[in-house]
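Enquirer: Take this structure first; my questions come after.
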């Protein structure tokens with residue numbers, strides 16, 4: 001049984017810049033007609049360098065900003081936040097985890113309140129049950145119930161990212177947008193968080209849109225890969241197809257630029273250095 | 001990443017008690033601690049004024065007009081700081097005056113802080129025409145010399161302590177609005193705010209619950225400094241006869257009443273002036289200390 | 001004679017909750033023309049130890065070492081004045097955030113020429129010529145025109161190139177690069193690493209590369225020091241480090257690389273028994 005959770009058709013996002021007294025208004029095309037779809041329980045990785053429009057796309061998918069044109073379907077329902085108000089049901093379906101674990105948690109909110117807030121706003125679950133659910137979620141992401149009453153600054157970057165993931169899962173979303181979730185983390189912590197994401201995906205049949213610039217992480221976690229370059233999707237296909245046979249020259253440049261940490265490459269480099 | 005290597009573990013430990021850390025940085029500023037002590041004494045004096053003051057503030061001792069302080073020639077031990085032109089005890093009037101000064105500071109700060117925060121949050125959160133409208137009005141208020149504007153307002157509303165406080169609050173309020181707006185604009189695009197938005201929080205919740213608590217640090221500093229400013233301006237209005245009216249023992253009004261005796265009986269001018277100076281200085285020192293304690297840039301070094 | 005030799009370096013910071021030891025007795029040395037990589041995660045003290053060498057730590061830091069010698073000169077015995085003559089001329093450093101390392105108020109040309117004026121005492125025409133030459137060396141097109149640009153008019157990669165130009169302006173014997181490519185995109189990272197390696201070979205500099213990225217280590221280093229929580233875990237030449245890591249921490253780091261994933265879960269640090277001083281926290 002396959003079920004398409006997210007489908008995007010020809011998404012476009014333009015920004016209008018300037019238009020002040022002295023400057024002429026310009027239009028910047030941040031996303032230029034991108035289409036893709038993700039099935040339930042799968043991971044789509046969106047790869048690209050800074051300024052390629054991947055974060056803009058993330059904000060559109062997460063229903064934070066509207067698309068200028070194009071259709072966005074979540075669980076088969078068309079969503080258009082530019083023209084109609086977002087219903088709480090749709091709001092619950094998509095959640096996001098940000099890159100910077102230090103900026104994404106409110107410094108004045110206890111962890112318990114961070115986790116309880118989505119339930120408090122969107123449901124009329126009583127306080128006691130909110131608390132129970134938050135406790136259960138803390139355990140699920142590898143933290144302990146005694147963390148419930150602490151403030152974000154008492155946690156390390158990796159733990160904060162676990163909290164951010166827990167908050168995103170409180171509303172039982174069907175789609176989770178992960179905007180560079182491990183880029184700011186140390187290597188060993190990165191491995192733990194990636195494992196956690198994989199465990200949660202198995203358990204809840206979650207669908208991920210994983211935005212990253214790190215190809216080795218993408219190769220590890222993704223089912224499908226989309227490469228973006230200046231607002232366009234230059235390459236889109238299954239992970240194996242993209243990694244084994246990149247079609248677009250930019251994808252090849254990207255692969256060539258990624259530092260390789262295997263013994264053969266080191267040997268080759270040292271040999272070349274000796275020869276020079 | 002590398003920049004954090006040194007500070008991260010330190011910070012994690014240091015912040016374990018938010019208040020403890022705050023006090024650590026605050027207490028490193030000796031001036032601020034001194035200011036705090038003076039301020040606390042002042043508050044105690046104001047609260048227990050009826051117990052401390054040797055006389056009633058408005059009781060006139062007709063046989064002891066313009067008595068000098070007790071250590072001067074002709075001074076009496078019953079009037080420690082001497083008496084004024086109608087024979088009222090200076091010390092008692094100063095003690096009761098502390099009540100007025102602190103009350104003025106508090107009311108003005110509460111007025112201007114609340115209205116400033118509301119306007120500033122609205123402007124910073126919604127931007128666009130709301131922002132333009134609010135901030136241009138603030139600019140106009142700021143364009144007037146503050147005392148002059150307060151005078152005009154009092155002239156319209158009529159002299160009196162309450163109207164003077166209202167006028168001062170209006171004059172001080174743009175500073176709060178500006179500060180709040182700047183802080184809200186900086187916080188508004190932080191990821192935790194977007195996260196709250198994605199969790200479904202509405203405008204009101206985002207403004208009041210999510211953003212505002214994170215903007216308070218600079219506002220507390222500004223509130224302290226405005227407290228002293230309010231006392232100063234109220235004294236100035238009182239001196240000009242537009243604030244508290246005689247026989248209220250307000251320090252500025254006392255100064256005004258004593259103007260003509262400045263050469264003959266310097267104490268009637270000196271002590272109210274000194275009281276204003278000490279109070280304002282103490283509060284400003286506290287404000288500086290608060291600024292140091294709240295400013296993360298200073299902590300790092 | 002080693003270019004830089006450090007023995008038993010300790011750095012501690014005064015904090016509101018007592019002293020914090022960031023570096024706990026590190027030994028290292030680098031030969032001329034060598035590329036040494038210092039690898040570690042945040043909190044490993046890798047940047048702090050190099051900042052200690054440069055004398056760039058804040059006043060709250062206490063630096064002690066049995067020996068800290070550059071080119072045979074004991075750095076600890078020098079006065080501030082003497083030390084500043086060496087730093088910036090014979091030892092140069094570049095940082096992670098190229099945008100933040102350049103002063104936004106001045107043109108890049110002014111900032112390059114300032115170094116030349118202070119350390120080399122060149123006159124105006126010489127400085128100008130040398131600045132253009134440096135811009136060419138670091139691969140900036142139209143160097144003469146770009147000298148008049150302000151940092152905000154350039155991209156992150158270009159700013160890092162300017163930082164490198166400033167660093168090599170006085171032909172340093174040792175260049176310390178603190179996470180020079182962490183803030184940059186992969187394709188730009190490749191260009192900057194290539195540039196650094198080319199300059200290192202051309203000028204015969206010693207290069208200390210501080211990084212957390214194992215890929216960058218593999219692509220640049222001759223020798224590697226692995227640091228963890230202020231201590232040295234392992235020191236080896238690059239090939240043997242990747243081929244047969246000795247310490248458990250290095251093993252853990254290497255296996256946490258997603259490239260090396262074998263199953264559908266990555267091994268994490270806790271899967272490895274670490275040294276008593278190691279990563280159990």
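Going from the start of the chain as shown, residues are counted 1 onward.
In case you wondered, yes, glycine gets a Cβ from its N, Cα and C as well.
A quick note: this is a predicted structure, and the numbers were derived from the prediction, not measured.
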Enquirer: Which is it, of B:10-31, B:32-53, that TrEMBL names as transmembrane segment?
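Expert: Result: B:32-53 is the stretch TrEMBL calls transmembrane segment.
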Enquirer: Of B:73-99, B:100-126, which span is tagged transmembrane segment by TrEMBL?
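Expert: From TrEMBL, the annotated transmembrane segment range turns out to be B:100-126.
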Enquirer: Would you kindly check B:100-126, B:146-172, B:261-286 and say which stretch has the most C-beta pairs under 8 angstroms to the transmembrane segment (B:32-53)?
Expert: B:261-286
Enquirer: Can you tell me which parts of the same chain pack against the transmembrane segment (B:261-286), counting only residues 6+ beyond its ends and a CB-CB cutoff under 8 A?
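Expert: Apart from its flanks, the transmembrane segment (B:261-286) reaches 31-32, 34-36, 38-39, 42, 66, 68-69, 72, 81-82, 84-85, 90, 94, 97-98, 101, 105, 224-225, 227-228, 231-232, 235, 251-252, 254-255.
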